[in-house]
Amino acid sequence: MMESNEENREKKTIEDLPGVGEATAEKLRENGYDDIMAIAVASPKDLSDVTGIGEGAAAKIIAAARKFADIGNFETGEEILERRKSIQKLTTGSKNLDDLLGGGLETQAITEFFGEFGSGKTQIMHQLAVNCTLPKEKGGFDSDVMMIDTENTFRPERIIQMAKSKGADPDETLKRIHVARAYNSHHQILLAEKAQDTAKEYNIKLLIVDSLTAHFRSEYVGRGSLAERQQLLNKHMHDLLRFGTIYNAVIAVTNQVSARPDVFFGDPMAPIGGNIVGHTATFRIYLRKSKGGKRIARLIDSPYLPEGETVIQISEEGVSDGT
């Protein structure tokens, strides 16, 4: 049954959807909505904004796309379990951290790493980028990577170090990592929206955003702008999740923290983004510095895994369990 649905999706084009004429189809394609699945997981407002049609008409187009794609209906637990067999897991380079995450980072999910400056967030993103290009027998996907760099922290020299430690060709590894610098929050959102264009040309199985909240935090200051910030952040995260769902890709993001002034006992640090990030991220890892290059990684949120923590090592060779 699942195979026939997949074949049905491939045969249908967006022109087959009722209400999608030549002009509307062109506008949809220009904005990344060039297949049935992309439209099926969109919102009426998104389609209305890019095509100029009313939200009511957009809702009908989406409903038809969902029918073609066979999504949006109730499923049995058995059917969901069968569908989840398509999910793959990407190694972090540390068996300890992989075990904490139930085998690695899941595709079709957002995994958030948050912590203070120097806690290892960007190092882990570099390691994930290298690992994604590795063959499957080494825990990779043998696939390309996209990275949205918001703080100018991507370093090809670090990729070379990590690739060499994995026995991979550094030049070939660098060729498979596609980096875009985001200069503000709107540019960041646009890059995520356009990620599908790159995914059509390359086999992208990992999308990294480092850092998710830096631009939003600096541009939307004060309570007066909080609602707008959260609305944009919500849209951005759902764009990322949609990409992961459509391309069966891992979404890995980093996040900053701030101290809560109302906390007098325990750890006062909390991730930026509030409930929007908290509810949309599938897995949340809190990173803390320890001694001798070690980091403590704590899983604080997951749909099915228990809370727990482990120790990882970050060295010149990359992320590992250490000794």
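Even glycines carry a Cβ here, placed using N, Cα and C.
Owing to the predicted nature of the structure, the values given are computational and were not obtained by experimental measurement.
Annotation comment: Swiss-Prot describes G115, E116, F117, G118, S119, G120, K121, T122 as ATP binding site. According to Swiss-Prot, the feature compositional bias 'Basic and acidic residues' maps to 1-15. The feature region 'Disordered' is assigned by Swiss-Prot to 1-21.
Following the DSSP three-state reduction, the secondary structure of F117 (ATP binding site) is coil. Cβ atoms within 8 Å of the centroid of the Cβ atoms of G115, E116, F117, G118, S119, G120, K121, T122 (the ATP site) belong to the same-chain residues L287, K289, site residues excluded. There are 9 other CB atoms within 10 A of the CB of F117 (ATP binding site), with all protein chains counted.
Listed in sequence order, T153, D210, T254 are the same-chain residues six or more apart from T122 (ATP binding site) with CB atoms under 8 A from its CB.
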